[in-house]
Amino acid sequence: MAAVVVSLASLDGAAVQFFLENESLTLSQVYFVNNFSDIDVLKNYKSALISVDFNESSKACEIIKRISLGAKVYVVDAKAPASKAAEIASEVMLNGLILPSKVDSFDGAMVVATTPTWTVGTKDAIKLTKPQNDTSKWLLPESGENEEYIDEDELLGQAPAPAPTNPDDCEVGRAGKKACKNCTCGRAEEEAAGKPVVLTQEMLDNPQSGCGSCGLGDAFRCASCPYRGLPAFEMGKKIQLSASTLDADI
């Protein structure tokens, strides 16, 4: 016998005829298996037609495991429409068959595939050869006296100097500094006369500041600023104080 037909479901005569024509066989060259207990004979054939109901996937899996190595296998579900061929192909591939494909020339759910030529657990050593004269590697240049190095400072270029964090005046908030260049609060005159700056009623009625920091509060005022101790205020707007605060400061 040259081939085997396993029929555990209803077998369509058209499927058998298609199988015989594609494998150039006659009916007398085919061995038929109708019982699940006889599927072990599959290991003796290199060409097989298997007709199963894939709703019973467990039986289909067992049949596929019995097929001999390197065999060509036609799998058909006689009860299924042709549109189910893709599902059958996925099923048989998951169970070990190689490159299953739908048989377009058959009007039904049929796929054709092959069994692997190796058994489960087969292994072989991988031989790796070292390439000769491999120029694809990056090599560092050999150290020499004539090597030129780049000055990392030159890479920065002429970067602009950072702007000063404080204006060029009395260094707001720092004790012991001089009055602002454009001082209008009277501190410059008092320093020239060697006297401390004293807060006056006029300075309360119309507060001014050359450095622009006197009205911001003590955190921004000079150590000898006459407005130290007063709340923040707006330039040119009268500072409102209680009588007791005014008597103590003047």
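Placed from the backbone N, Cα and C atoms, the Cβ positions cover glycine too.
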### Message
Tell me which of 2-5, 30-33, 222-225 corresponds to the motif 'Cx2C motif 2' entry in TrEMBL.
### Response
222-225
### Query
In TrEMBL, which of 61-75, 76-90, 106-120, 211-225 is labelled region 'Fe-S binding site B'?
211-225
#### Entry: Tally of residues which DSSP labels helix, strand or coil - the domain 'Anamorsin C-terminal' (204-241)
8 helix, 0 strand, 30 coil
### Query
Relative to the Cβ position of CYS225 ([4Fe-4S] cluster binding site), how many further Cβ atoms are located within 10 Å?
23
### Confidence summary for the region 'Fe-S binding site B' (211-225), mean pLDDT rounded
78
### Query
Can you tell which of the binding-site residues (CYS211, CYS214, CYS222) has the fewest other C-beta atoms within 10 angstroms of its C-beta?
CYS211
